[in-house]
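Asker: Got a structure for you, questions after.
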Amino acid sequence: MSLGFFRPSSLLRDTAPKLSSTASDIILEDERYYARRVYFTATPAPTANVLDDGALLPGGPVALMSPAFVGLVLQNVGIGVMSGMLASVSGPLYRQYLGVAGYQAAMYDTVVNLAWYSKVPLAILSDCVPMFGARRKPYMLLGWAIAGLASLALSLHDFPDAQRRNATMPADASHDTTVCFLLTLVTSVGVVLAVVAVDGAMVHCAQREGMDVRGRAQSVLYCARSLARSLPAAFCGVFLNSAAYGGSFTFAAGPAVPYVVLTWVSCLGVVTTLLFVVEPEFPQSVTLAGYALSAWRLPQRLVVAQICVFRYATEASFRFGAPTDLAAQLAPAPSAATAFGAIASPLVYATPWAVWALWGVNWCWRAAFAAATVAWIAINAGATLLVLYGVTTSGATGLLGTLFEEAPLAVRALTASFSAVELADFGNEALVYCFVTTWANLGVATGTLLSYILAPDADWAMPARADERSKMVTAYVLGLVVKLAGLALLGLLPAQKHDVQVLKMLNRTHLVLGASFLGALVLVGVLLFVLSALPLFGSAGGLPYAGRTPAM
């Protein structure tokens with residue numbers, strides 16, 4: 001057996017790191033030596049392909065102004081508009097204009113988010129079932145086509161006008177919303193299908209970047225997606241803000257107009273996919289057997305397990321306790337100010353992505369995640385306690401607090417998401433990315449559910465007496481302590497890209513770990529899926545958790 005030494009990088013010093021004498025557990029004493037990619041294999045040719053600049057795939061970085069990259073940007077803009085519009089019409093259109101019951105409002109939130117539970121199966125479909133020899137563009141086209149047809153059907157739906165709505169019986173309104181909810185679910189499935197294909201192409205694009213710049217393309221694409229979510233918020237804040245929609249404006253668009261917009265956006269998604277998006281080139285073919293083996297080995301890898309556990313546990317702890325917008329609930333802002341906040345929030349959320357793309361691709365993920373968590377707690381606690389203790393009763397306090405909290409939330413999301421790009425191997429880009437983000441989604445749902453189970457009768461309304469306020473403050477501070485306690489798992493998050501690659505090179509796997517991990521994913525996923533779907537049966541109108549799983 002020969003000892004192969006692979007050294008594709010010439011960027012670092014020539015001094016080799018010292019290795020431990022135990023061949024089965026090689027310890028790199030100097031982690032800064034990562035880019036050398038020292039491999040010890042049984043054959044001279046290594047299985048990993050790391051280029052001289054640290055890129056994970058050949059082809060060189062994609063130019064940010066090239067038609068191919070512009071196509072991905074436009075795809076993310078379309079995704080942002082579609083997902084933002086589906087979420088934004090919930091209040092003005094269904095709760096106010098149609099006046100649906102509480103359980104029906106929860107049902108709408110459910111159908112919007114329910115499709116996101118299908119991310120992993122759809123990612124597998126995009127990875128290993130090519131259509132016409134391509135794995136990304138056909139599924140983008142199919143996703144946009146499904147979303148566009150469902151949106152077109154919604155735009156042709158016979159919504160009652162304001163006068164007819166006042167005279168409509170509850171039974172008629174229930175019939176109308178049932179049709180709308182089913183079509184909304186189909187629209188969401190189409191959007192999710194486009195998302196997994198776009199994310200797979202995004203991971204491929206990011207892996208072509210060198211170590212020093214990897215993450216820039218991903219940051220730009222997610223910045224575009226976040227900025228696009230402000231467009232539907234602006235539309236609803238201006239055109240769905242008359243008295244019929246619960247607002248104060250004297251003009252308004254018809255209830256079908258949002259779906260006309262979604263139909264046009266879906267058509268533009270098809271056009272931009274055909275004209276701009278370039279199918280990623282893969283250096284070798286992906287076989288079904290090879291993909292199945294790669295998918296089975298994925299949860300067995302310790303580096304994958306530790307990152308997924310980190311994302312699940314930190315999101316669960318972060319969502320535990322009081323509602324994150326408690327200050328805004330205790331001191332509500334006027335409708336016009338709330339509409340402004342809905343427009344500005346995506347802009348604030350997109351700012352850290354832009355900053356990271358320009359200067360932060362090599363910043364420490366752990367430090368950024370911890371600083372963002374502490375900053376969010378400081379902002380949230382400041383606004384909430386000011387309102388609780390009566391220092392201010394202005395609605396601007398809660399609104400500004402919620403607005404400024406978007407920046408640290410974005411930093412938490414981006415620092416945790418970059419690791420998924422490093423984990424992905426050739427051929428399973430969409431699966432790995434969706435697998436990691438799915439665990440984060442499950443963590444959000446788990447934290448919300450645990451809060452309800454442990455305190456089902458919690459009342460977060462403004463307290464009238466001092467003793468009630470003391471109890472609320474105690475419960476609120478306890479939630480903040482749990483959020484801070486989540487940082488105890490910060491060691492599970494690699495500090496930067498090279499740390500992930502070092503952990504991948506060690507290639508530590510465990511069969512029992514993989515089986516347990518998959519079992520936990522199925523168990524938790526099915527449980528939360530059932531709980532999320534309860535409003536569809538009209539039996540969970542009082543369950544705050546149901547239908548609140550966010551889409552990522």
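Along the chain as shown, residues are numbered 1 onward.
Just so it is clear, glycine is given a Cβ too, placed from its N, Cα and C backbone atoms.
Okay, so TrEMBL annotates it like this:
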- 68-89: transmembrane segment (TRANSMEM)
- 139-159: transmembrane segment (TRANSMEM)
- 179-206: transmembrane segment (TRANSMEM)
- 227-245: transmembrane segment (TRANSMEM)
- 257-278: transmembrane segment (TRANSMEM)
- 367-391: transmembrane segment (TRANSMEM)
- 430-454: transmembrane segment (TRANSMEM)
- 475-495: transmembrane segment (TRANSMEM)
- 515-538: transmembrane segment (TRANSMEM)
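Map the listed features onto the structure and describe their local environment.
Answerer: Listed by sequence, the residues of this chain that lie at least six past the ends of the transmembrane segment (68-89) yet keep a Cβ under 8 A from its Cβ atoms are 62, 112, 140, 144, 147, 184, 187-188, 191, 194-195, 198, 201-202, 205, 217, 220-222, 224-233, 235-236, 240, 258, 261-262, 265-266, 268-269, 272-273, 275-278, 342, 346, 551.
Non-local neighbours of the transmembrane segment (179-206) in the same chain are 57, 62, 69, 72, 75-76, 78-79, 82-83, 86, 94, 107-108, 111-116, 118-119, 122-123, 126-127, 135-137, 139-140, 142-151, 153-154, 157, 214-215, 217-218, 221, 262, 266, 269, 277, 280, 420-421, 424, 429-430, 432-434; each lies 6+ residues outside the stretch with a CB under 8 Å from one of its CB atoms.
For the transmembrane segment (227-245), same-chain residues at least 6 beyond its ends with a Cβ under 8 Å from one of its own Cβ atoms are 76-81, 83-85, 87-89, 92-93, 96-97, 162, 165, 251-253, 257-258, 261, 335-336, 339-340, 342-347, 349-350.
Residues of the same chain lying 6 or more positions beyond the ends of the transmembrane segment (257-278) and with a Cβ under 8 Å from any Cβ of it are 67-68, 70-72, 74-75, 78, 81-82, 85-86, 88-89, 93, 136-137, 140-141, 143-145, 147-148, 151-152, 154-155, 157, 187, 190, 194, 201, 232, 235-236, 239-240.
Here the transmembrane segment (430-454) has long-range neighbours at 116, 119-120, 122-124, 126-127, 196-197, 199-200, 202-203, 295, 298, 304, 307-309, 311-321, 416-417, 419-421, 423-424, 479, 521, 524-525, 528, 531-532, 543-545, 548-552, meaning same-chain residues at least 6 beyond its ends whose C-beta is under 8 angstroms from one of its own.
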